[in-house]
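Inspection log for the structure reproduced underneath, given as structure tokens.
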Amino acid sequence: MAKAKFERTKPHVNVGTIGHVDHGKTTLTAAITTVLAKTYGGAASAFDQIDNAPEERERGITISTSHVEYDTPTRHYAHVDCPGHADYVKNMITGAAQMDGAILVVAATDGPMPQTREHILLGRQVGVPFMVVFMNKCDMVDDEELLELVEMEVRELLSEYEFPGDDLPVIQGSALKALEGEEQWEAKIIELAEALDSYIPEPERDIDKPFLLPIEDVFSISGRGTVVTGRVERGIVNTGDAVEIVGMKDTTTSTVTGVEMFRKLLDEGRAGENIGALLRGTKREDVERGQVLAKPGSINPHTQFEAEVYVLSKDEGGRHTPFFKGYRPQFYFRTTDVTGAVELPEGVEMVMPGDNLKFVVELIAPIAMDEGLRFAIREGGRTVGAGVVAKIIA
């Protein structure tokens, strides 16, 4: 089978289904691909294809995830669905599947359940920016008032976690009936697709964001000055641009006097490229791995933050024993480890391998960070956890 050509013409948006176990996330995923393929063309994915999710390893963590793709007339969607609750937790914390928006699936027969709440909270913590709700199994509820009540409950729950519960789209449908080809329910899947198109804004591309380059290596070239190398994380840097060197110590400024790639001089370095940047007036000893080169004013160094964390299980190669208050592992940000002290939440005495929780971290050196930045927790070079900066404190 020939590979279909990847069409760059349409905006590419990443979404995923979240919600309580057995509320119909995978059935909905199958229904979306099936109904959209029938309506707009494209390939359908069967339920058992999606449900039989392959295991992937992201930063040493085993996650089962299914990836499907579908098109609306204006967009191309990449959609992730996870079989188990633990997979969602890991996926959202590691950022293995970054979501521009999420489809929260709530069964009308049950209303919001514990994992519904947990997924909304996780979405808030890890920075899923937009939620669209699909109320599933509405064919099994005859009472119109009951449907309204469930919708109200879901909206209130979303508002509680600072999503705009009153304004976001809620579609009442039945994934199973749509999958079986019943027209009135197929129409609800189209309505959901239209809600994704109109409610989730087109994501800002990495290249359009402010320039940032995590420094991997520093060289001194006699007669030319100091060169830092790394992969541009976002934005574009042009020869002549002023930059800040942020993290580890006090922020300094410099000017990029040259950009090289594969020993060739270029005018610019763009997101995704491995480059060397020549810095004017910067000494070799002033720069180190772990700092970032960034557009002035675009990012600040911080030492204290609230983290949402998943602690690896023993089977994943994590710790075999719990940790307690006073735990001081290394936090690996981008290119380097920084030691940090962990402050456990009130009432939590110990943390077991396989747990997920939030706690406050105080680093011994500042790191350039924004909320949403991912990190690994390591002990002597071995990964024992994964986390995301949920809230910067200082």
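Just so you know, glycine gets a Cβ as well, placed from its N, Cα and C.
Lifted from Swiss-Prot, the feature list:
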type	residues	note
DOMAIN	10-204	domain 'tr-type G'
BINDING	19-26, 81-85, 136-139	GTP binding site
BINDING	Thr26	Mg(2+) binding site
REGION	60-64	region 'G2'
REGION	136-139	region 'G4'
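Using a 10 Å Cβ-Cβ cutoff, His85 (GTP binding site) registers 14 neighbours. Under DSSP, Gly19 (GTP binding site) is assigned to a strand (E or B) in the three-state scheme. Under a cutoff of 8 A between CB atoms, and with a sequence separation of 6+ in the same chain, the neighbours of Lys25 (GTP binding site) are Thr17, Ile18, Gly19, Asp81, Val105. Here the C-alpha separation of the residue listed as 'Mg(2+) binding site' and Cys82 (GTP binding site) works out to 8 Å. Sorting the region 'G4' (136-139) by DSSP state (H, G, I as helix; E, B as strand; all else coil) yields 2 helix, 1 strand, 1 coil.
Remark: of the binding-site residues Asp22, Thr26, Cys138, the most isolated position is Asp22 (fewest other Cβ atoms within 10 Å of its Cβ). DSSP assigns Cys82 (GTP binding site) to coil in the three-state reduction, outside any helix or strand. Long-range Cβ neighbours of Cys82 (GTP binding site) (same chain, at least 6 residues apart, Cβ-Cβ under 8 Å): Gly16, Ala53, Ile63, Ser64, Thr65, Ser66, Tyr88, Asn91. Secondary structure counts, DSSP: the region 'G2' (60-64) has 0 helix, 4 strand, 1 coil.
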